[in-house]
Amino acid sequence: MKALSKLKAEEGIWMTDVPEPEVGHNDLLIKIRKTAICGTDVHIYNWDEWSQKTIPVPMVVGHEYVGEVVGIGQEVKGFNIGDRVSGEGHITCGHCRNCRGGRTHLCRNTTGVGVNRPGCFAEYLVIPAFNAFKIPDNISDDLASIFDPFGNAVHTALSFDLVGEDVLVSGAGPIGVMAAAVAKHVGARHVVITDVNEYRLELARKMGVTRAVNVAKESLTDVMAELGMTEGFDVGLEMSGAPPAFRTMLDTMNHGGRIAMLGIPPADMSIDWTKVIFKGLFIKGIYGREMFETWYKMAALIQSGLDLSPIITHRFSIDDFQKGFDAMRSGQSGKVILSWD
């Protein structure tokens, strides 16, 4: 079958031919319809330090997808041939304390689809049936293919009660923009997003944020004054991994504020911890999606009217995958969809 693989320990992704995966007793075989390119896939393409330490070569990459069930393991119940599914990209062990306690998103033995095991940038994918999620009929293939990153946004945004709160989102990448849209949709008062990439800030404006602030041109404190905010932000969603953005967030949080961190900062990032202590801030790390509460919330948000369509900016045939990666690497894109049909 056709697949996009990391074949060499150097920059690039290559189209290749690999054997179709075998279906285990507890697995589903999924015929891929559409996939989306993640920032992780770009890291793998660039062959950065993280990729060199993490990715075995060769490896079929990709973990954002929608497809159709075409094979079912003999022990699997609850799925039928023809079901349209996406799936959780974190494969968990099922036997550690967190897994047994219903906190599978915190499994210490997690392996990643397209990172530690073959991914979805292929004509067929095998995953445990436990990880598959049926897509409601009124959700499009395009939207279903971005459920994985949308789940990161939902998990981060819904970590805290947002109704009536003032929310700061730092980082207007696709996940940050979707998190801001979720916050606005569920009843936050002011949702302010910051970045220095004007293209992506414009995407955030299309998604309905209160203010999209280019911090290279505009002061966040001036924007807060313009909005009549006198006590700081109640909730911070840190999506950038950029130390200056996180320091600004700490400066502008209200006392007792709550921060959810999805962005991955440098290991040696320094902050003024007195602001965390004396403001009584609560900081929560976010990894992946809650299984599977986040997935049900994702579907419900879209079915209740949340419009994510502006975040999908580019669509290509899989044969034009290089154009898709070029768009992602340019920084002038939202989500990029690759069609396998």
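Cβ coordinates come from backbone N, Cα and C, glycine included.
Features reported for this protein in Swiss-Prot:
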BINDING   CYS38, HIS63, GLU64  Zn(2+) 1 binding site
ACT_SITE  THR40  active site, charge relay system
ACT_SITE  HIS43  active site, charge relay system
BINDING   CYS93, CYS96, CYS99, CYS107  Zn(2+) 2 binding site
BINDING   ILE175, ASP195, ARG200, LEU262, GLY263, ILE264, ILE286, TYR287  NAD(+) binding site
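Locations of recorded Swiss-Prot features on the structure.
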residue	record	Cβ contacts under 8 Å, 6 or more apart
CYS38	Zn(2+) 1 binding site	GLY62, HIS63, GLU64, ASP148, PRO149
THR40	active site, charge relay system	HIS63, GLY114, VAL115
HIS43	active site, charge relay system	TRP50, SER51
CYS107	Zn(2+) 2 binding site	HIS90, THR92, CYS93, CYS96, ASN98, CYS99
ASP195	NAD(+) binding site	SER170, GLY171, ALA172, GLY173, GLY176, LEU201, ALA204, ALA212, VAL213, ASN214, VAL215, SER240
GLY263	NAD(+) binding site	SER170, GLY171, GLU238, MET239, SER240, GLY241, ALA242, ALA245, PHE246
ILE264	NAD(+) binding site	GLY241
ILE286	NAD(+) binding site	ASN152, HIS155, THR156, SER159, ALA260, MET261, LEU262
Remaining residues near the recorded Zn(2+) 1 site, that is with C-beta within 8 Å of the centroid of the site residues CYS38, HIS63, GLU64: THR35, ALA36, ILE37, THR40, ASP41, GLY62, TYR65, GLY89, VAL113, GLY114, GLY119, CYS120, ASP148, PRO149
Three-class DSSP secondary structure - GLU64 (Zn(2+) 1 binding site): strand
Which listed residue (CYS93, CYS99) has most other Cβ within 10 Å, given these are binding-site residues: CYS99
Additional residues surrounding Zn(2+) 2, by Cβ distance to the CYS93, CYS96, CYS99, CYS107 centre under 8 Å: THR92, GLY94, HIS95, ARG97, ASN98, ARG100, THR104, ARG108, ASN109, THR110
Cβ-Cβ neighbours of ILE175 (NAD(+) binding site) (radius 10 Å): 28
NAD(+) binding residues ILE175, ASP195, ARG200, LEU262, GLY263, ILE264, ILE286, TYR287: largest Cα-Cα distance, in Å and rounded to whole number: 23
Residue among the binding-site residues CYS96, LEU262 whose Cβ has the most other Cβ atoms within 10 Å: LEU262
Secondary-structure category, per DSSP, in which LEU262 (NAD(+) binding site) falls: coil
Secondary structure of CYS38 (Zn(2+) 1 binding site) (DSSP, helix/strand/coil): coil
